[in-house]
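Colleague: I'd like to ask some things about the structure below.
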Ligand code: GLN
């Protein structure tokens with residue numbers, strides 16, 4: 001059984017831990033570099049990417065996170081977590097840094113300028129999911145190696161992507177009872 005960490009600096013940590021357990025993984029909170037060393041994969045939750053970046057820096061996690069991602073650790077970022085996994089962002093605050101790993105441009109608070117939050121039914125990797133968006137980013141553009149896994153109807157925006165061992169969604173599957181996205185991530189870990 002893979003052990004998956006949930007980056008526990010800020011955001012919807014408990015909900016992801018519960019969904020990962022339901023999806024058949026063992027899940028632990030990650031706050032320190034030693035905890036990061038102990039996991040096979042990592043979920044980066046929703047929350048606020050500017051705060052998460054600053055806390056990761058303060059807790060000396062930013063470089064270890066970048067290192068593990070570079071070495072191929074599977075990771076799944078939801079909402080603010082998607083922003084953290086983006087190689088490039090738009091509408092970040094001054095100097096905002098990410099962990100990076102996915103060759104994409106993500107626009108922060110993109111849907112938020114139109115509607116703060118909304119729900120939509122969409123296809124995720126060919127399966128129907130009910131997606132909850134909260135001040136959500138969208139993916140503005142992707143590189144050639146990035147697979148688009150989901151599109152949301154308002155504006156036909158890219159909201160789910162995968163590049164090798166890295167997965168990201170603009171929405172929050174941990175807030176629904178549906179473990180499909182978490183199961184997809186756990187299956188990814190088993191295949192890799
Ligand atoms: N708007 C937030 C950010 O920029 C993301 C919102 C969320 O994770 N629900 O980080």
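Positions of Cβ are set from backbone N, Cα and C atoms, glycine also.
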Colleague: Which candidate from 107, 108, 162 does TrEMBL annotate alongside 47, 48, 49, 134, 135 at the L-glutamine binding site?
Modeller: 108
Colleague: Please name the residue among the recorded positions 79, 134 whose C-beta has the most neighbouring C-beta atoms within 10 angstroms.
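Modeller: Of the recorded positions 79, 134, the most buried by Cβ count within 10 Å is 79.
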Colleague: Distance between residue 79 (active site, nucleophile) and residue 108 (L-glutamine binding site) at the Cα atoms, whole Å?
Modeller: 9
Colleague: Cβ within 8 angstroms of the Cβ centroid of 47, 48, 49, 108, 134, 135: which residues besides those meet this for the L-glutamine site?
Modeller: 46, 79, 80, 83, 109, 136, 137
Colleague: Which recorded positions out of 48, 49, 135, 174 lie by ligand 1, going by a Cβ under 6 Å?
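Modeller: Near the molecule: 48, 49, 135.
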Colleague: These are the recorded positions: 48, 49, 108, 135, 172. Which one scores highest on other Cβ atoms within 10 Å?
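Modeller: Comparing the recorded positions 48, 49, 108, 135, 172, the most crowded Cβ belongs to 49.
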